[in-house]
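Asker: Pasting the feature list from TrEMBL:
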| type | residues | note |
| --- | --- | --- |
| COMPBIAS | 319-333 | compositional bias 'Gly residues' |
| DOMAIN | 35-170 | domain 'DUF4382' |
| REGION | 307-333 | region 'Disordered' |
Amino acid sequence: MNNLQKLSVLSMSLLLTACGGSDSAEKTLADSTAGLLTVSISDAPMNNVDKVELVLDHLVMTDEHGETHQFPMNGKSFDLMQYQGADSFKAVDRLAIPTGQYHDVHFTVIQGDGNQGCAIENIDGRHGLNIEDGMLPLHDFTMTQDQHMSMTLEIDLYRSVWQDSGEYRLSHGGMYSIDNRHMGHLVGNVDPQWIEDCETEHADKIDNGLYAHMAYLYDATVTDIDMMVDVSSARTDQRQSPIALSPIKIHQDGSGNWSFSMGFLPEGDYRVGYTCLASKDDPVIDDMNQGQFQMFRDAGALTIEAGENGGQQNDHQCGSGGDTGNGHMGGHG
């Protein structure tokens, strides 16, 4: 993990404000053996968006006895767009939690109305952002004595943000949380010839020459380009949508190199695809069968390793100089 913001939003005094069931939560928290909980939030970057402001209200969890504990976040806000790839915002820093099992763990948020609460900013201005069910889900966990549990909530904006009747919404479909001991980061380099070839072949599909170069990451069960599809909540062809996306950007050093990054990926095996037609990928529509989206290259298989303590950087070459997969064009018009 790089450049984690050194920000503690919850001190030990907040434990006295936790809410429980019929028994006193203050007594439970004061008398129990405890571990420490740290929760960070990161995102997969998104084009054409300047700011995604999240405003946290409470951290909520239910223990094994059915008691619900709430820890105030006091309207802590941050711009999610500032925490991309391997960077993350530390929302909760070493909060003492009694030992035991916890479920229904989540942050509640302050919904946006355009002036207050969660918001999204783009070329058209500032807009209220409504989060699905008013909360950001985290995974269940077990706290042991003297343990420091560190987890990260990863929010893939390409798969989560959508617009409905003029309102912006953030769904849970592109979110997951992970124990930081079991994740790694991916940095991919893309053959510049792929960029040039894709733009040349699909020049007739792009308005004003605005290509959207994107890396699509799939589960290892996707084994070739014909199995790679767009993001769609309306998919009926039994093919598997990507589990992560990242814009591919040219380096600003004049080298002509292109790269992308994806952070906080569960350790395991994956396959990556490349296209310059990401602007044709509407997350609500099956663009493979109903639109102009196409995957351009299969960039091959890769393995994400967490390393000894989690957070290892994994490098992958897409195209010349590395594993190129089968390297053929595919997709359906």
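Note that Cβ sites are derived from N, Cα and C of the backbone, with glycine treated the same way.
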Asker: On the 0 to 100 scale, where does the mean pLDDT of the domain 'DUF4382' (35-170) fall?
Answerer: 95
Asker: Kindly report the helix/strand/coil residue split of the domain 'DUF4382' (35-170) according to DSSP, in that order.
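Answerer: DSSP classes over the domain 'DUF4382' (35-170) add up to 10 helix, 90 strand, 36 coil.
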